[in-house]
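So the structure is just underneath, and the comments pick up after that.
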Amino acid sequence: MIQEEPLLPFKTWLLEWDADRWGAFWHFLLVMVVLAMLSLVIGLIIGTILHGPVKAGERAYRVVANAFRELFHISPRRIWAIARVAMQEALRRRVLVAVAVFVLLLLFAGWFLKTDREPAKLYFSFVLTATSFLGLFIALLLSVFSLPNDFKTKTIYTVVTKPVRAGDIILGRILGFTLVGSLLLLVMGGASYLFVSRALTHTHTVAAQKELPERTSRSDGHSHKLEVRDDGQIIAMYEHGHEHSVEKRGDRYMVSPPEGMIRARVPLYGELKFLNRQGVEVEKGVSVGKEWGYRSFIEGGTQAAAVWTFDGINEDTLIDEGEDGRYLPIEIVVRVFRTWKADINTPVQGIIQLKRPGSDLKTEPEFFFADDNTIDLKYFPESLTDTNNQPVDLLEDLVSEDGQLEVVVQCLDRAQYFGFARGDCYIHLRDASPFWNFVKAYISIWVQMVVVIAIAVTGSTVLSGPIAMLFTVSFILLGFQRDFLMGVATDKVEGGGPIEALVRIPTHMNLISDFKDQHFGIKLMRLVDDGLQALMQVLASVLPDFGNLSTADYVAYGFDIPWNQVLQQLFLGGAYVIGLAIVGYFLLRNREVAK
Amino acid sequence: MADNVVVETRALSKVYRDFWGRQKVRALKALDLEIYRGEVFGLLGPNGSGKTTTIKLLLGLLFPTDGEALVLGKPATDVEKNERIGYLPEESYLYRFLNAEETLDFYGRLFDIPPEVRRERIDKLIKQVKLDAARKRQLREYSKGMTRRIGLAQALINEPDLILLDEPTSGLDPIGTREMKDWILELRDQGKTVVMCSHLLADVQDVCDRIAILHQGELKELGRVEDLLKVEDVTQVSARGLSAECQNEIRDVIARHNGELLSMDNPTTTLEELFLSIVRDSEARPGRRVVREEEATPPENSGESTEPPSTAS
């Protein structure tokens, strides 16, 4: 699974005070303060132009004083009343049709979604993507037209002439639509889970013979090798990400439903560093010319290696296999880059070793064949042998005093490359409940939905329905592209700012070639771009990172979503709701309701 | 401000602007008004005269361009004043997917009324506006008259002190109009202040204690209805038990003084005539307007005459 940025510990994420990265809470405060100052200054300037400085000051004071007073008059009963009407309105607008659409989609999805390779991944990404897009779309439609519709039908007249605070209206609406959306997600989630588990289930048959046949029958595009364990249990061996257990009843064999198809691995990630071909430590490996710099590569047949350092290794990290002893379960994903084709069916070979940090003590190399982009399991027993064929104990000798252990991976074939990122090697601690993992993925979708509702409700306080919709959609789209926007704004993406890009397109100028002559036009272009980039940076810093809010990949790839991440997302959603509700309050309170 | 002044506007003005801030219409020009506790006050004027704008300014639905409006002693933009206000809009702007009970319950909740009180009041109001049979029907199925009635009921859910009615009888049949007028008078009898605007003159004449006539955003006339309708150059004598001789004698006396006996009836004109003459007059001489009524008195001290319209500006 791709994880570009390691997940920060919750407290660091929220409260870190650092020059490079401000904690989310400080970021939130900064945005709110800047927004407040900016609106105050702009309000005062416009007021002064229209009414003179004294009156402008008085009005600004009244707006702020009102806001503080009305903060204490927000009433749960009123919020709930408005939420209820919002819900009734939503149901009247037949949102439940969306559920029907979704169910219909699932009914026919089975026809088109057939795959032999990792069906769980396909099904999960399908249902989660479908839910999140349909859910966001409905949340958008519901919430964006509600207030403008009230303005159009003038129903709002009878509402705001009651002792309703603008805050009640905003919060009530957000609450109401969130509840409707939650109901929708609940139904969609249930249907999705049912769909995935039903679609994944299949069985094989085993011909009843005297001797146990070698393989099961083919079903869902694969068959399993059969093996009898020491205790007599028959296993249809691990294939296509699952296995079956087989029970003998008289002459017949009963094959169970697939086991281990839906997983929620809890990984322990390490820190990755690279050794170059001379064996010297470097920050990154070799670039093989891929634009996406997520993975970097090590050359085969040299001393180049990828080294992960894991922290906190102790007895609990090992899995207990009963009589077989305890193992350190390491899972690794290798991306293979071939500079020569060779025999394409012969996999590229690599070695993996455990190493004690800060010393030369290494285990004997374990050979493996790298199957491109597939999770490979390596179980290291407690007692191992080192490179000098001396016995070493995993916990005693290889793990350092502070609980650190290094995993070293090298490629053996000359001029072939292995590509790695930080998340490509991990210790598989245990499996969490796949069901709760699925629920957690839905919480992420829920958070996205709440953020969309908050944006839409806030936008629709001053904008008419279609315009508010455009506004919200652009917010969402920009949110999905937030990283790119930030990259352009901070010059991390090649090609300069918007104007420079505009110049490069008609002049057919390469993104990385520089402008040679520095005449006035170029300088002006840079100047305008600097301004635009500053604006973009400001914009990007308040956009919700929808890409990062999605956890569908975790479920699809079978990894457990850390609660830390769920908590961060919930806090993020809460921050958007609070911030947008405040903005919405001022917009609604200080606009003329009538025309 | 005197205790019994419920609504006060000082030089209240409203200019409608377009998106770019260009002036479109001066809807209201420096309106000075005082409305007293317990009276039924009528705002009259042709379409586009600024009646509804005034009501909206009083409700805080619009912000004044200049001047100020005080309602129940608070600025009109203050939400707190809404606790004691009831508002029946021009058309019933209610959620059409709710039924009568739900509608009243919703607005009751907006006043933060506790459940028991709410239930009691909803019941009482539904009976009062005679919607008992339709209490479970969605408002979308309501006739115009029923919609007005539920509109009035929602305006009264908080037992307000001040009730603003925007065209309360518009679109109602004669019976509905009669009922609405009776309710308005009933509200006055309960000591509530009612401000209504209308262009249906007969209705205003029937229920209003005082009226203000607006035209093109300017106040043209202000005073007690009976005073405004009095015909100054006609003397009315009412007497009982006069013999025929006596009547003849009176006739002689009138004839001797070069008078002319018109009738023995109550000599009033209709409000309609007054209204139309004011509009004609205003169109003939634009800019003429009434100054603030100096001797305006609360209805309790009725009997005092109001100043006739004087010229200014």
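Here the Cβ of each residue, glycine as well, is placed from N, Cα and C on the backbone.
Note: TrEMBL annotation is automatic and uncurated.
Over in TrEMBL, the protein carries these features:
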type: TRANSMEM; residues: A:24-50; note: transmembrane segment
type: TRANSMEM; residues: A:95-113; note: transmembrane segment
type: TRANSMEM; residues: A:125-147; note: transmembrane segment
type: TRANSMEM; residues: A:174-196; note: transmembrane segment
type: TRANSMEM; residues: A:435-455; note: transmembrane segment
type: TRANSMEM; residues: A:462-480; note: transmembrane segment
type: TRANSMEM; residues: A:570-588; note: transmembrane segment
Can you tell me which recorded stretch out of A:95-113, A:125-147, A:435-455, A:462-480, A:570-588 has the most Cβ pairs within less than 8 Å of the transmembrane segment (A:24-50)? A:570-588
Under a Cβ pair cut-off of under 8 Å, which of the recorded stretches A:125-147, A:174-196, A:435-455 contacts the transmembrane segment (A:462-480) most often? A:125-147
Within the same chain, the residues 6 or more beyond the ends of the transmembrane segment (A:125-147) and with Cβ under 8 Å of it are 86, 89-90, 93, 95, 98, 101-102, 105-106, 109, 113, 156, 169, 173-174, 177, 180-181, 184-185, 188-189, 192, 195-196, 441-442, 445, 448-449, 452-453, 456-457, 459-461, 465, 468-469, 472-473, 476, 550, 552-553, 555-556
Other than its close neighbours in sequence, what residues sit by the transmembrane segment (A:435-455), given a CB gap under 8 Å and a spacing of at least six beyond its ends? 128, 131-132, 135-136, 139-140, 142-143, 174, 177-178, 181-182, 185, 189, 192-193, 264, 471-472, 475-476, 544, 546, 549-552, 554-555, 560-561, 563, 566, 569-570, 572-573, 576-577, 580-581
Using Cβ atoms and a strict cutoff of less than 8 Å, what residues sit near the transmembrane segment (A:570-588) while being 6 or more residues removed from its termini? 14, 24, 28, 31-32, 35, 39, 63, 67, 70, 165-167, 169-171, 174, 443, 447-448, 450-451, 454-455, 457-458, 461-462, 544, 549
Which bits of the chain, at least 6 residues beyond where the transmembrane segment (A:95-113) starts or stops, bring a Cβ under 8 A of a Cβ in it? 119, 122-123, 126-127, 130-131, 134, 138, 142, 180, 184, 187-188, 191-192, 195, 199
